[in-house]
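Participant: My questions all concern the structure below.
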């Protein structure tokens, strides 16, 4: 690989480690502008198949991690952690979670909700690559260039990721509830979320629960956090470049396979650590109907409503001339604000360790995916 190829940032490879990109040397895909009209579809299918394999490999890790992320949210007021742990409804650590799940639920429990999750992973990858390739080629044709700048690549990747998550977030809400239903059942067997056993909760059952608890908008709980998390590959890339800057010129230009893996693994771990609290907030938002939160007394009722204009600035003329794009921006900002309030509430009640509950599993999952590729 030449120096020019090594410095080019292909956003899709940060997601699924594909070599080359449309418009770059060595690409296995024909550009939309100069060949068959289906390279985006081929790119999407290839990415989907790779995702399905990696999902099956790391799913047990993901399930344990999700339970660790949400278990503290189930504690009652003044409840001692030892009470839940004694009843096997809470785990001390990732290893403790693995041991208790295997002992109390059996080996198949590690794949609770796996089928819809694999389906979601395939859909995520398919939609991402389809949108990524299409938007990228459109940008290349418009600019009349062979390659995009790093900033443009990142922008296309974030847009493609946000589009994919918009479609698949409803299924992710259902999967998260399937993964954590046994924790709810252990504390409250009569709970609607518990159903008649976590192994008997169907997608339709959980969809009805979400609909009855939150309405249609409830299926997109955690979507705003997903938008933030689309920046994870960009952060990984930035950290990796920073680490490379400390190397000698010869090692930067021709790194050994071991050094390449070490840099990638370290960069991924750092990026995960920076964004992990947002991952945790997303899981908690999707697992249960959240208690109201606001800026002063931890209640959501005072948080800005999506699309609402800033208080004290509304007037008839402004309301009539406000464009839909402004409403969308306000909706996005209010959603991010709600996430910050959620994180602050977790920090106040559970401390720094609460924001990083289960991070060891997330780091392990990232490492496992890298090794498999």
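Placed from the backbone N, Cα and C atoms, the Cβ positions cover glycine too.
Please treat TrEMBL annotations as automatic predictions, because they have not gone through curation.
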Participant: Which of these ranges is annotated region 'Disordered' in TrEMBL: 291-323, 324-356?
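Facilitator: Of 291-323, 324-356, TrEMBL gives region 'Disordered' for 291-323.
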Participant: With TrEMBL as the source, identify the stretch among 1-23, 24-46 annotated region 'Disordered'.
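Facilitator: Checking TrEMBL against the ranges 1-23, 24-46, the region 'Disordered' one is 1-23.
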